[in-house]
Amino acid sequence: MASQAAASAFNGSMKKAHAGLKRINLEGLRWRVFDAKGQVLGRLASQISTVIQGKDKPTYAPYRDDGDICVVLNAKDVCVTGRKMTDKFYRWHTGYIGHLKERSLKDQMAKDPTEVIRKAVLRMLPRNKLRDDRDRKLRIFPDSEHPFGDQPVEAYVMPPRKVRETRPRARRAMIRAQKKADQLEQAGNDKKKGKKREVEADLTE
């Protein structure tokens with residue numbers, strides 16, 4: 001019943017979701033589910049590429065394709081750091097003279113957010129004969145629904161993000177900037193209070 005409910009809740013193309021799975025030997029493989037909501041794009045892609053190559057298994061070998069099936073949900077809610085949303089561009093050429101096309105990450109997220117994660121993962125995989133089969137094991141969906149409710153899926157727990165301690169010089173610069181911002185805010189408040197007092201004095205006169 002639960003599998004039928006999950007399949008009925010999926011509103012996307014079933015044909016596209018299952019495309020290429022028949023070419024893969026699914027025997028002994030696990031179905032790992034990644035939740036991309038709030039995750040940093042590069043860190044998520046590195047974890048997916050590790051699982052899809054089978055590097056998290058003791059039986060890993062570079063010439064064998066023992067990686068698990070990776071199902072990525074909530075692709076539209078993935079995050080990036082810095083100003084990559086507007087400064088990162090995807091470029092390609094149509095083959096005609098002068099037809100170099102480009103699209104920003106922001107526009108690509110609006111058009112098809114699944115391609116953002118797919119490109120990030122594929123560019124972390126080695127370029128060999130196993131790359132196409134590994135690409136078939138990657139199933140990305142923009143929302144939280146997927147059509148694989150009849151499979152024994154298991155959630156993948158992302159490792160905690162380690163934030164590097166700020167260097168002393170940078171820490172001192174941050175403290176100075178914070179003090180300066182507080183002083184400017186205090187000066188602005190004092191100026192407003194002074195104007196308010198002058199208005200009150202004029203009214204009393």
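Yeah, the Cβs are placed from backbone N, Cα and C, and that goes for glycine too.
Automated prediction, rather than curation, is the source of TrEMBL annotations.
Quick look at what TrEMBL annotates:
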COMPBIAS  169-178  compositional bias 'Basic residues'
COMPBIAS  179-191  compositional bias 'Basic and acidic residues'
REGION    151-205  region 'Disordered'
Tertiary contacts of the compositional bias 'Basic and acidic residues' (179-191) (same chain, 6+ residues out, Cβ under 8 Å): none
The compositional bias 'Basic and acidic residues' (179-191) - residue tally per DSSP class, helix then strand then coil: 13 helix, 0 strand, 0 coil
